[in-house]
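Look at TrEMBL and you will find B:6-30, B:42-59, B:65-86, B:98-121, B:141-163, B:194-213, B:219-238, B:245-262, B:268-289 tagged as transmembrane segment.
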Amino acid sequence: MKLPLNIRLEARGERSRVMVWLSPAIAGLATLVCGSLLFAALGKDPLQTLYTFFVLPLSDLHGWSELAVKCTPILLCAVGLAICFRAKVWNIGAEGQLLLGALVGSWLALSLQESDQWWNLPLVLLAGAGAGAAWAAIPALLKTRCNTNEILTTIMLNYIGLNLLQYAVHGPLKDPAGFNFPESALFNDGLLLPVLAEGTRLHLGAVFALLAVVATWVLLTRTFVGFQIRVLGEDVRSAHFAGFRAAKLVWLVLLLCGALAGLAGVVEVTGPIGQLVPQVSPGYGYAAIIVAFLGRLHPLGILFASLLMGLLYLGGEMVQIELGLPLAITGLFQGMLLFFLLASDVLISHRLRIVRAAPGATTATVVSRTENLPIGVP
Amino acid sequence: MDPDLIANILYATIRTGTPLLLVALGELVCEKSGVLNLGQEGMMLMGAVAGFIAAYHLGDSGIGIVSALVLAMAAGALMSLLFAFITLSLNANQVASGLALTIFGLGLSSFVGLGYVGIALNGIQPWELPLLSDLPLLGKVLFSHDPLVYFSLAMAALLAWFFRSTRAGLIVKAVGESPESAQALGLPVLRVRYLAVLFGGAMTGLAGAYLSLVYTPLWADHMSAGRGWIALALVVFASWRVGRAVLGAYLFGLMSIMHLVLQGFEIAISPNLLATLPYLVTIAVLVLLSSNQARSKLFAPLSLGKPFQPGH
């Protein structure tokens, strides 16, 4: 393989463990560099903009609590997606599963507005998680029964979910006293998640998200089911020979992810929002895909990656308010981050070598190195 | 239903199906070469915004429109070049990279198009073919379209011929079936794949411009609304055959304008619920086609989505 500037990629003998974790850092750095260039091109001082984007949002305790609020839904979706992706089940549907969780949770919450039983809120949360799981059960059923590609079905279900949400806020769940705005009535206090710190929006959902991280870590690394999921993802045939029921695992990972994403949705409406609105999610389900990859499908990595992603959302809002930059920058940064990550991942299996003089000699070493590799190993 | 309504429905079916057809043809070529690109939404939006901005500044008639279309294709191709680089040269996972392309395109297009939201253009007007367009019913349905409709059909015919009777078409198929054998035969696997991906990007960019210059001549964030994904399903539906892609595109087009049809029957359903129809139909079609595993595998290019590293 030949790249310009006399920089050569040559295959490493084995995957570099260091690069597996260094690659996200490189991607982050590259995104920052490109971001600065972009800010400069927009006529803003890059350093001041970066400061406003990444430091200012976290300059006080309130900022940190807002970060936790933003991270909560992303984290819930991302750990679920990690379980799916570990099994090579390409669930792109966390967004739709989140929206269904928010929708069904809100519907139940609105019908419980008049009663004040202590179990109302747990019931609403369960309904949201259940709705997310049910939405994920559709691609699970279609994949295991009809061999249908889950990438396409989950994406279609995202759009269907979004339209159902729109239908609900314009129709059956619309607040009759809401001046014709497409949103539901505000939930009663008994149906709202308790706030953890006085004066902030930090709510119990953040605790759920942390619990989900721990539970996912235990599931993936400490249980036989987790082992089966990993084997299924690495080699379907081995999983088959070992007697693992692939279909059952597909169901399991999709239902788990759906439930977590559904919980994320209902946590948003019963937490920071307090009612059902069309903009429940600014693409949390899609951002979670990036977070899952950035965190190397590892719960702890995902925790850090979600903090970064949450900061991207907060920073995007901050530069909009402070410097009048467009909110679309957040999406742009997200895409760049994933792109750079995928590109720098090549360094896990390859190393960069700067070719100086006598390229013939270097080529010879490349050949001798790659000869040891089994065919087909990148 | 009265004949006028039927003519209107068929006319709208073709218009709605055309962007799907353009994307599907591009992706079909790309997949035939063994590359699975899931970045259609991102490429389409970039094509849409690039075409719109160009037409806004260069004028939406004559040379301005032609330049806008070329720029839209270039925008789509540039986006796909990014994808080709990280999947073909750096061997990144094609599924993840396609998603990255979509997410990136969503962000970049809404960023670039920021100052253009809410502006309307005349856009590309239909050509009323002389005499033919005066025919009852058929004139409206077949001979009163914008040039891109005819271009998409001509491209379909060209591609059908390309795969059936040209050496180059055979090479693309060989690369998609078995890149190892193709390389052993001395075929430039990576170059073929790069070109196929670029073609896919250009066609998808053009489809985007169709949305922002013909279908609804304006720019709105995320205006592709899942059409790229539907086109992806369309390729599966077509079992990687050009003729079926044309039929499929119009079928999906019809599903997307069901509100027109239902209006004819005087049935009132929430527009939000009706909007789910094309997605539901896509799922139904996928189920029907995928259930027969042996059959669906028979048509897919054998090495689709698998990374390939050329020998040194």
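Glycine is treated like the rest: Cβ placed from N, Cα and C.
With a threshold of 8 Å between CB atoms, the same-chain residues lying at least 6 positions outside the transmembrane segment (B:245-262) that come near it are 5, 8-9, 12-18, 20-21, 24-25, 28, 153, 156, 230-231, 234-235, 237-238, 268-269, 271, 274, 277-278, 281-282.
Between the transmembrane segment (B:98-121) and the transmembrane segment (B:42-59) there are 3 or more Cβ pairs closer than 8 Å, counting only residues 6 or more apart in sequence, so the two stretches are in contact. With a cut-off of 8 Å between Cβ atoms, the residues of this chain six or more beyond the transmembrane segment (B:141-163) that come close are 7, 10-11, 14-15, 18, 21-22, 25, 28-29, 32, 69, 124-129, 132-133, 135, 169, 172-173, 203, 206, 210, 214, 242-243, 245-246.
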